[in-house]
Every structure is written in C-alpha cells, then in structure tokens.
Amino acid sequence: MYHKRIKEAIEAIKQGEMIIIMDDEDRENEGDLVMAGIFSSPQKINFMAQEARGLICVSITQELAQKLDLPPMVQKNDSNHETAFTISIDAKEAKTGISAFERDMTIRLMCESNTKPSDFVRPGHIFPLIAKEGGVLVRTGHTEASVDICRLAGVAPISVICEIMKKDGTMAGRGDKFLLDFASQHHLKILYVSDIIQYRLNFENLLREITRESAVFMGVECEKITFIDHLEREHIVFGFPHKGSSSNEPKPLIRFHNVRSDLELLQNAQEWNALLKSIECLKEKGGYLVFLNTHSEYANSSKTCGDIKDFGIGAQILKRLGIEDFVLLSSCGGSKGEYNALSGFNLHLVEKIEV
C-alpha cells in the first residue's frame with residue numbers, strides 16, 4: 001500500500017499540488033500540509049493560512065541555510081523536538097511581509113538560484129526549518145519528510161509546510177478523523193513519514209559495518225560492533241550475552257546513549273545514573289547498548305532526553321542487527337507511541353522501561 005501512496009504523492013508534488021504528511025499509518029496523529037516551494041503562489045499560501053491555520057514554514061537543506069546566511073533561531077534548542085528553526089525572514093521588497101502575496105514573494109525568492117542573503121530582512125514572517133542531512137533515515141520529522149518528498153519528485157528540496165489545526169484551534173489527536181476528512185474534502189493525498197522511510201530503505205543505506213569483535217566492557221565479555229554512517233561518524237554497539245533460557249532472545253533490551261564528552265556526562269547526574277542502571281540491567285538480562293555519535297550541535301546539553309524523532313541511525317542499527325521487536329530502556333518519560341514512524345524501519349517497540 002505504501003508504494004501506491006508514495007507514487008501518488010510524488011506525482012502530486014510534481015504537479016504543484018499539496019499533500020498531507022502524517023507520521024504513521026498505524027495511528028491517528030497530527031498532520032502537515034506540504035507543497036514544493038517552487039510551486040508556491042499567493043492563493044496556495046492563503047489556503048494554508050485559512051484552512052490549515054498553523055505556522056507557515058519553509059523546510060530547506062543545510063546547504064541552502066548556509067548560502068542564505070540563515071543561522072539557528074537560538075543557540076541552545078530546548079524545544080520538545082529540537083525543530084531546527086532558523087531566524088525568520090521577509091523579502092527585502094516586502095512591505096509588512098505578512099500578506100499571502102508577500103509571504104509567497106519571500107518563499108519564491110528562497111527558491112531562486114541567484115538569491116543572496118542581502119535580498120532578505122530579518123526577522124520576518126517566513127520561518128525556515130533546516131532538515132537533517134540524510135532526511136527521514138536520520139530524523140523522522142515532518143521537516144525531513146517534506147524535503148525528501150521534493151527530492152523524490154525531482155524538484156528543488158525546498159518545501160512549504162504548515163500544521164493543520166481544527167476550527168476550534170486544537171490539533172487533531174489520536175482517534176480523531178479530522179485529517180482524513182480534511183484530505184477528502186480538499187482532494188489531498190495523504191503520505192506517512194513511514195512510507196518515505198520504507199521507500200528509501202529499498203534503495204539507500206546510510207550505514208556500513210566496519211568491525212565486529214569480542215571485547216570486555218564493564219567487566220563483561222561482549223560483542224563489539226562498529227558502524228560508520230553517511231557523515232563518517234562512528235557508532236559503537238556492545239552486545240551483552242542473553243541470560244535467559246533461549247540463546248535467541250526475541251525481544252532484546254536496547255539502550256541508546258548519545259556520545260558526549262566525559263566531563264559533560266559526569267556533570268549530568270541524572271543521565272549518568274540512568275546509563276549505569278541500564279548497564280546493570282543489560283548485564284543481568286542481556287541486550288544491546290548502542291552508543292550513537294549523533295548528538296545535535298544545537299541541543300541543550302542539560303537535557304537528558306533528546307528529540308524522540310532523531311533516532312533514524314539507531315533504528316537502522318537495529319535493522320542491521322536483525323532486530324524487529326525490542327524493549328527500550330529509557331530515562332525519558334512519555335509513552336512508547338511517541339516514537340514516530342517506527343514501522344517504516346520494520347521495528348516494533350514492545351515495551352518502554354524507565355531507568
């Protein structure tokens with residue numbers, strides 16, 4: 001089914017139409033209205049403002065952000081999902097910048113190849129978002145999904161994106177048919193982040209295994225596996241022997257840990273204690289400790305919980321280990337349902353255990 005959805009979404013984007021992007025087919029969730037930036041028009045921007053009602057943003061690549069001199073909005077991003085907002089902008093020729101015509105002017109200017117940083121004023125009424133390199137295979141966010149679908153459609157990787165709100169100002173929640181009805185009413189195709197993940201995994205691989213060896217870790221004989229990603233960053237996995245009745249544990253314990261400096265880790269007592277508790281649990285029951293070298297340079301180092309969408313490399317590591325069902329050892333609150341688009345990686349989070 002995902003093949004049909006992604007084919008229809010690609011064709012819609014090519015034709016300048018809008019689509020709705022949601023997280024996962026298996027659950028009702030919030031959705032964003034998305035179109036390719038090169039097909040922006042005042043009428044489409046007005047439709048987003050009137051019908052979708054959310055914040056109109058433009059998802060771009062890191063390369064374009066650098067070209068247009070768009071630095072992060074803040075140096076320490078402590079929003080829930082670490083959405084990579086840059087400083088907001090308006091076209092220099094705009095008067096107020098807020099009208100649909102002037103927001104469209106700003107967006108189209110961003111899409112032109114000869115545009116310079118001096119063509120904009122800051123702050124403004126258009127909010128650029130920087131997609132992570134590697135797209136949804138690194139971060140399963142709508143920012144990355146909207147850039148990825150433009151790439152797949154063969155158009156410039158610049159997308160206009162707007163959250164869809166209900167008329168009463170609330171977001172559509174789980175079990176709410178609002179987004180499906182909205183799509184039907186406006187003849188819009190629905191695409192899931194998990195669809196893009198599955199599609200891209202058929203053709204792409206951001207990881208390669210470079211070593212697999214025996215090693216002693218924290219006094220335990222483990223299997224040490226080292227992977228390297230598309231950005232030449234190394235990620236290390238320690239496999240603790242299973243202590244149960246079967247040598248093939250079907251639902252292994254998994255602990256992800258972002259690599260940071262020793263001093264930074266020691267200064268964060270909560271994270272240090274959670275790591276030690278996880279290691280003791282893995283020693284007792286077996287499983288995998290995955291050290292991810294993906295910590296965001298803009299993240300607030302005081303946070304113990306990173307972006308729950310920012311687990312794409314970890315998910316690909318689990319796939320390479322042959323894991324489908326797993327139990328997560330986590331120091332973060334929240335439900336296991338918060339982990340977006342896991343089905344795209346053919347993964348199932350059976351249980352989440354707080355440590």
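Each residue, glycine too, has its Cβ placed from N, Cα and C.
For 1-202, the entry in Swiss-Prot reads region 'DHBP synthase'.
According to DSSP, Asp32 (D-ribulose 5-phosphate binding site) sits within a strand segment. The D-ribulose 5-phosphate binding site annotation in Swiss-Prot covers Arg27, Glu28, Asp32, Arg139, Thr140, Gly141, His142, Thr143, Glu163 and is backed by similarity to another entry.
The annotation Mg(2+) 1 binding site is assigned in Swiss-Prot to Glu28 on the grounds of similarity to another entry.
According to Swiss-Prot, the Mg(2+) 2 binding site annotation covers Glu28, His142, on the basis of similarity to another entry. The Cβ neighbour count for His142 (D-ribulose 5-phosphate binding site), using a 10 Å radius and every protein chain shown, is 28.
Residues or ranges marked as site 'Essential for catalytic activity' by Swiss-Prot on the basis of similarity to another entry: His125 (among others). Using a 10 Å radius centred on the Cβ of His125 (site 'Essential for catalytic activity') and all shown protein chains, the other Cβ atoms total 17.
For Glu163 (D-ribulose 5-phosphate binding site), the same-chain residues 6+ apart in sequence whose C-beta sits under 8 angstroms from its C-beta are Glu30, Gly31, Asp32, Leu33, Ala52, Arg53, Gly54, Leu55, Met171. Among the features that Swiss-Prot reports, site 'Essential for catalytic activity' is placed at Glu163 (among others), with the record citing similarity to another entry.
Among the features that Swiss-Prot reports, region 'GTP cyclohydrolase II-like' is placed at 203-355.
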### Of Asp32, Thr140 (the binding-site residues), the residue whose Cβ has the fewest other Cβ atoms within 10 Å
Asp32
### Message
Can you work out the mean pLDDT of the predicted model over the region 'GTP cyclohydrolase II-like' (203-355)?
### Response
83
